[in-house]
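Undergrad: Here's a structure for you.
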Amino acid sequence: MNKLKALFAGESVKISLLSIVLGLLIGAIVMIAGGYNPLLAYQSMLEKIFGNAYDMGEALRAIVPLIFTGLAVAIAFRAGMFNIGVDGQIVMGSLGALMVGNMISMPPIIHAIVAIIAGTLLGGLWGALVGVLKTKRGINEVISCIMLNWTALYLSHMVIKAFMAEEGTSRSQSIQESASIQINWLSGLLDGARIHWGFALAVVALIAYHFYMNRTKWGYEIRAVGNNNHAAKYAGMNVSQVVIRTFFLSGMLGGMVGTFEVLGVFKYMAIASATSGLGFDGIAVALLGMNGALGILLAAALFGSLMYGAQGMSFGANVPGEVIKMVISIIIFFAAAPGMIRWLLNKTKRSKQANREG
Amino acid sequence: MKKSMLLVLSAILLFSFALAGCGSKSGESSSSGSAPEESGGKKLKVGMVTDMGSVNDKSFNQSAWEGLQKLKEDFGYEVKFLEPKNDAEVIPSLNQFVKNKYDLTWATAETLDAAVKQIASENPDAKLGIIDAGVEVPNVASVLFKENEGAFLVGVIAGLMTKSNKIGFVGGMEIPVIKRFEAGFREGIKAVNPDASFKPLYTGQFVRVDMGKSAASTLYNEGVDIIFHASGLTGNGVFNEAKERVARGERVWVIGVDKDQSLEFGDEITLTSMIKKVDEAVYQISKDLADGNFPDGKITYMGLKEKGVDVAPTSSKNVPQDILDKVEQYREQIIEGKIQVPTT
């Protein structure tokens, strides 16, 4: 119990909460400036998130991918690297799951499991490619990530058009029903919200991440490389192997997102003109969650519900999309800038001290 | 330490009370809009969901939204739009209208067809409409435009106006609806000028102005002097490139799409535009619902005959009368069915 208390009274939690409140307040000022009622808007947003079973289920559906992309970015951060290629790894995950789900026939459950494994592995290999390019050829991971995002996107177009095109539309054929991972009884209970087994796996992934990073030799290696890779090398660790492994794991987490989107949410893959952007949201989640499992869970819950609830602001309070995007960005900006909040807190503390002394 | 923690917590509490306090009363009062009391017929609630685009895109979505706003002005309908930010939000957005008992919900893009089909089957009492896709479900009205017929006519203009005998096309993505634009345009050129060479180019993007500009640059450098674009916002880049070249003294043209784009980009570079009357379709079919003639489960085709597609009325500024007369002849032949314009 004391441990729990300490966890929630810690300075980092205080800073995160304060930044969210500040973000909401400044967002409100922006809405007032634009002539919209911020209270009504925030209320509509809350209603959109908690208003009924369907919306609560769909808000959960929006949170799950952010947990995975948050973890994917965080694990690379821990090793001192920046994986902005999660978007591409998501595409490869979707593609792998779609190919197995659509082109191969198998009995239910086994089909879904094989599809999940295929998508996850493909995402992982796509991520490992970044690590290989970095260690063997010295290519900065940011550059190769950006390039591989587009490569993955257009590769998926090619494969879909060649093997799984749905005549007359701009998307692939659907997966077979046996590969679906939607939880039908739970979806029915939540008025048709798209709930899938990715939820359970998200919880498993969070616990596994915590355990792996803090309790195993491999997690220790990742952290050691992140703190000082020269020292890690001097201590006898195989740094390039750690880098490739980190990117493989990161890519696997990204690949899972794509897998669940195809098998649990859409059942098909669109020939989209851009990647989903979920990987980029993951950067904000990892930053706000400070790379910890619990932090990432809370940050993903916050961002996911904000993004989902934004539609409610437009519907209930007539706030135009542009203003909503601005308000959400302001909240994220403050949430992801705890340094500024810390500075503000210190300043008020210091001025209080000055008052007492003076 | 503890004090400031308390402060933060109380601030959050206060804030959430404020949120809860303002209650649903204010929600009702502001959402009613400006519905005039009189005027016959039912006052409908009509919603619209875009394809991740904006209702300010100066093209397709804007046109649909204008149709809805006209309904609000003319009959006092309650109209509202939602702009999903990603694919996953499409279904919740449609549901937002359907579950709030909107009389009609429009989806304004081909890419929304699977979502519309699903929602319509799950909610047999709801009415939905979709533009650019045929969804054969009993409670959905589908609108398909014969872009190929309108594009044929601007193809005739391009074929007769080109000096270099090279004509280009910039498309967004290679999807059926854009293919109809390309096919009609190609056939129109072929009908009047079989020697002209035709170069289509796809950017793969509807929202990348820079890619439109580089595509236009590529085509103009190859000697093309007229480009027809069907690429949404990407097309703004085509206009930008043409504008720079015209300023340098090159004689190049752009043919606009969806709306009369000469009003936006000027007559110096806009040869003509192929207009697609999305607003008209949305207006008419929504009104049909009020009158009890809603075309459930049917596909409404909007071609030259139905005046769903057309050549912009301002074309006479740049196109000589004899060419416009030719256009009229072809229009007659297409309407009478003597010419069948292919779709791919």
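Think of each number as a place in line: the chain as shown, counted from 1.
Quick reminder: no glycine exception, Cβ is built from N, Cα and C everywhere.
Small disclaimer: the values here were computed from a predicted structure and weren't measured.
This is the feature table in TrEMBL:
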- A:12-39: transmembrane segment (TRANSMEM)
- A:59-77: transmembrane segment (TRANSMEM)
- A:110-133: transmembrane segment (TRANSMEM)
- A:145-164: transmembrane segment (TRANSMEM)
- A:195-213: transmembrane segment (TRANSMEM)
- A:242-260: transmembrane segment (TRANSMEM)
- A:266-287: transmembrane segment (TRANSMEM)
- A:294-311: transmembrane segment (TRANSMEM)
- A:323-345: transmembrane segment (TRANSMEM)
Undergrad: Would you mind listing the long-range same-chain contacts of the transmembrane segment (A:110-133), meaning Cβ under 8 Å and 6+ residues beyond its ends?
TA: 83, 85, 88-90, 92-101, 104, 139, 141, 144-145, 148, 152, 175-176, 178-181, 197, 243-260, 262-263
Undergrad: Do any residues, 6 or more residues outside the transmembrane segment (A:242-260), come within under 8 Å Cβ-to-Cβ of it, and if so which ones?
TA: 64-65, 68-69, 71-73, 75-76, 78-79, 81, 83, 85-97, 115-116, 119-132, 134-135, 141, 181, 196-198, 201, 205, 218, 221-222, 225, 232, 278-279
Undergrad: Looking at the stretches A:12-39, A:145-164, A:266-287, A:294-311, which one shares the most CB pairs under 8 Å with the transmembrane segment (A:323-345)?
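TA: Most Cβ pairs under 8 Å with the transmembrane segment (A:323-345) come from A:12-39.
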Undergrad: Counting only CB pairs under 8 A, let me know which of A:145-164, A:195-213, A:294-311 has the most with the transmembrane segment (A:12-39).
TA: A:294-311
